[in-house]
Amino acid sequence: MTLRRRGEKATISIQEHMAIDVCPGPIRPIKQISDYFPRFPRGLPPDAGPRAAAPPDAPARPAVAGAGRRSPSDGAREDDEDVDQLFGAYGSSPGPSPGPSPARPPAKPPEDEPDADGYESDDCTALGTLDFSLLYDQENNALHCTITKAKGLKPMDHNGLADPYVKLHLLPGASKANKLRTKTLRNTLNPTWNETLTYYGITDEDMIRKTLRISVCDEDKFRHNEFIGETRVPLKKLKPNHTKTFSICLEKQLPVDKTEDKSLEERGRILISLKYSSQKQGLLVGIVRCAHLAAMDANGYSDPYVKTYLRPDVDKKSKHKTAVKKKTLNPEFNEEFCYEIKHGDLAKKSLEVTVWDYDIGKSNDFIGGVVLGIHAKGERLKHWFDCLKNKDKRIERWHTLTSELPGAVLSD
């Protein structure tokens, strides 16, 4: 190496350059990405280690004894009929009187799975994104869908813009009542709706087996409306009474399964209230509302009304009828009828409820019906039984309409 005097600038010769380039020093291993970002088992934080095993001398946790069955009350009033005995004599007993259901084992927390939120694809930039939230109101059997906004939608019109709206569809189900839509916003690719659409009559069973399809479309006055993009949310991903917010990328149209059995297609649902009034000495039947009714008219709607009978009807005087609601598949009635009858005789009776489509100049069309009483099963039997066991208490339940009722008169 060349020696330098004090005050001189350090210089490096070509030979020294060669030595530095050829012999850079000891070779060290190149660090990998995993050295900077260590891997951990899914779901564990970096500082989490294996759980410590319980010490062998730790006392065992005592098992919780199951609660014994409640015996029926021995001090019933003499003037009240023994409803359980009557059900045993005239029909099937639904089992123990309604009480707190046995505690279910705690559900395992779902794994953290990536929602549509940070998802990115080619469709994300081509079709746009959609922000919305879903809430299942378990007490009122309602699914609230709030459509907030969309961003970066695909241009559909000649001016480079679109006239977007959002359409909801519950799958499976082909009924027009299963479809809801927002208003249309004109000439925008970044619409803000802040609009809430609600499905009524949604049960816990629906939340397990149904999927909500959300489509963004472009409205065209002179041609068919055009599809922009969609997303689908299995309702089982929602927790009851908990709002879940989504920000997703729209996808191309997915095929709808049309192989589902048409015989299982629902005719609609009806919300009925029952109450035995001690003051009026009679059964109060409330027809509250219907939801998702089958369309019977050419315009895709129905003109529904409801009839009720208390069977057997020897005198043929038990018929009651609501008002007709025009051009709707989700009518609200809020009407109540009273049947004067002794409490003890109700266990021998059945309540027949039928929904009809009103037509001018021709016979009315049967939409669907339901029978509550001693010969019913499931929720229909339980609703009737709960009414008889709880005098002066209004009990409200949703019931699925069927296309056939055993022994019922299906002509108006």
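Residue 1 is the first one shown; counting continues down the chain.
Backbone N, Cα and C define each Cβ position, glycine as well.
Listed in Swiss-Prot for this protein:
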COMPBIAS  49-70  compositional bias 'Low complexity'
COMPBIAS  95-108  compositional bias 'Pro residues'
COMPBIAS  112-123  compositional bias 'Acidic residues'
BINDING   D157, D163, D218, D220  Ca(2+) 1 binding site
DOMAIN    266-399  domain 'C2 2'
BINDING   D297, D303, D357, D359  Ca(2+) 2 binding site
MOD_RES   S411  phosphoserine
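Features as recorded by Swiss-Prot, highlighted on the structure.
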residue : record                : contacts (Cβ under 8 Å, 6+ apart)
D157    : Ca(2+) 1 binding site : D163, N187, D218
D220    : Ca(2+) 1 binding site : M156, D163, E226
D297    : Ca(2+) 2 binding site : D303, K327, D357, D359
Winner by Cβ contact number (other Cβ atoms within 10 Å) across the binding-site residues D218, D359: D218
Around the Cβ of D163 (Ca(2+) 1 binding site), the count of other Cβ atoms that are within 10 Å: 19
In three-state DSSP terms, the structure that D303 (Ca(2+) 2 binding site) belongs to: coil
Number of other Cβ atoms within 10 Å of the Cβ of D357 (Ca(2+) 2 binding site) across all protein chains: 20
D303 (Ca(2+) 2 binding site), number of other Cβ atoms within 10 Å: 19
Near-site residues: Ca(2+) 2, ref D297, D303, D357, D359, CB cutoff 8 A to centroid: M296, Y301, S302, P304, Y358, N364, D365
Neighbours of D157, D163, D218, D220 excl. site residues, C-beta within 8 Å of centre, Ca(2+) 1: M156, A162, P164, E219, N225, E226
